[in-house]
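Report on the following structure.
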């Protein structure tokens, strides 16, 4: 269905309580004094006065109430408590100037406020002697010609299918096609490429995978219906990830990790000059979206000293019941069997079960003693993994392919996965409230920072030796489509949730404003 002309919906309905006498003057004063702070004197005043009125700190995403003089931490919910007790539902974030509505539970957009914010930002930049991060767009001759031939502007409606496009299978390349579908429907990645944010610094842009992905996004969202032929993408993947070269069937999960790695390496120059305190920190779009932090706590069984390490991750690989992993806790009444070289387990396993198994303490045993820094000797220990930092997009890899010296098989155990997922119980901050790895329902229903929504599912049909990959993609909130190479068909939510599941892609429901 083509896009059609529509009237855009109104913004936040709760702004009326703020837009009263002299509201523009008051808002300009807030931006000048507490957000942009163009002069050195204003910056000193901001550093001195902008602290949380509850805890006295200024590092926890400080917000200012728009209805009264109150500064509060967003991370520690001090501004939330103020909003609830005073019924002051609007606040401004003091780092980037976003307006947050506590009734909408999200940052909101208002054209009038945006104009004031941009004007005050430009004034501050001028006082500081700096320019805008991105220059004003000037259309090329080719773009001017295109604009002449396309004078009407189209807006995407809830029934629009722009962005859905089939991909030609170039010879056992379904593993690549399903991952491309998931990446091109990742909201923040789509916004990055469609806003022309990539700045290629490679000597040969034709060998840059990020440039090719940018072209791919343009193809997907051009409105064309015919299947796209991703021959150049395949060539670049073969060039930069030699282990994937050739026309034999490959693992979709392996392709995902290889593609993210190449994109990460080719994104040099896209961080817009941002510098982190950690020189090893990368701020490219791939790391911003997909990188999380996995905390590993090793506890000595003698002195109970804890050694903690934090490692980055792009995906979370989860064991399944029916694998050769000896410590999988089968639920009462479950039975396992092997049929035609494939492992099956009766009963229903959930994604939460797999995450509970992933984050429970594991006794390392006497054969894996570590040298304890407290005891200064080798001792038995336990190891527990938790999430220190969650990525914007969480990819869960269900380990269905088992390779060992004795056997090679596919595990077809059905795993039930939800449309919405709360990762709070598996956070490092929730570890103390979880006894011996037992799952506990989070008590803070207002904590939305760790909540995710499903937007893509990759499935594998067939056996380990011969199979085929397809994917389900969420186009709008409740519209799903099945992508089978060049064929795109509409799917129901039941179709998605009843599928076997190999790779599950979840997107954060609420994002920090930046």
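Every residue number used here counts from 1 along the chain in the order it is shown.
The backbone N, Cα and C atoms fix where each Cβ goes, glycine too.
What Swiss-Prot lists as zinc finger is 10-127, and the listing cites sequence analysis. The Zn(2+) 1 binding site annotation in Swiss-Prot covers 12, 14, 101, 104 and rests on sequence analysis. Per Swiss-Prot, the feature Zn(2+) 3 binding site maps to 65, 68, 82, 88; the stated evidence is sequence analysis. According to Swiss-Prot, the N6-acetyllysine annotation covers 118. Feature annotation from Swiss-Prot assigns phosphothreonine to 136. Look at Swiss-Prot and you will find 165-509 tagged as domain 'USP'. Residues or ranges marked as active site, nucleophile by Swiss-Prot: 174. Sequence annotations record features per position, and here Swiss-Prot assigns phosphoserine to 226. Taken from Swiss-Prot, the feature active site, proton acceptor covers 468.
Sequence features annotated in Swiss-Prot and their locations in the structure.
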residue	record	DSSP class
12	Zn(2+) 1 binding site	coil
65	Zn(2+) 3 binding site	strand
82	Zn(2+) 3 binding site	helix
88	Zn(2+) 3 binding site	coil
101	Zn(2+) 1 binding site	strand
226	phosphoserine	coil
468	active site, proton acceptor	strand
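Comparing residue 68 (Zn(2+) 3 binding site) with residue 101 (Zn(2+) 1 binding site), their Cα atoms are 15 Å apart once rounded. Cα proximity to residue 88 (Zn(2+) 3 binding site) (within 10 Å) is found for the following binding-site residues from 12, 101, 104: 101.
Nearest by CA distance to residue 14 (Zn(2+) 1 binding site), out of the recorded positions 82, 118, 174, 226, 468, is 82.
Residue 65 (Zn(2+) 3 binding site) has a Cβ environment of 19 other Cβ atoms inside 10 Å. The most densely surrounded of the binding-site residues 14, 82 is 82 (count of other Cβ atoms within 10 A of its Cβ). When pLDDT values are averaged over the zinc finger (10-127), the model yields 87.
Across the structure, residue 12 (Zn(2+) 1 binding site) and the residue listed as 'phosphoserine' are spaced 39 Å apart at their Cα atoms. In the three-state DSSP classification, the residue listed as 'N6-acetyllysine' falls within a helix. Note on proximity: among 65, 82, 101, 226, 468, the recorded positions of the record, the Cα nearest residue 174 (active site, nucleophile) is that of 468. Every protein chain considered, the tally of other Cβ atoms within 10 Å of the Cβ of residue 226 (phosphoserine) stands at 9.
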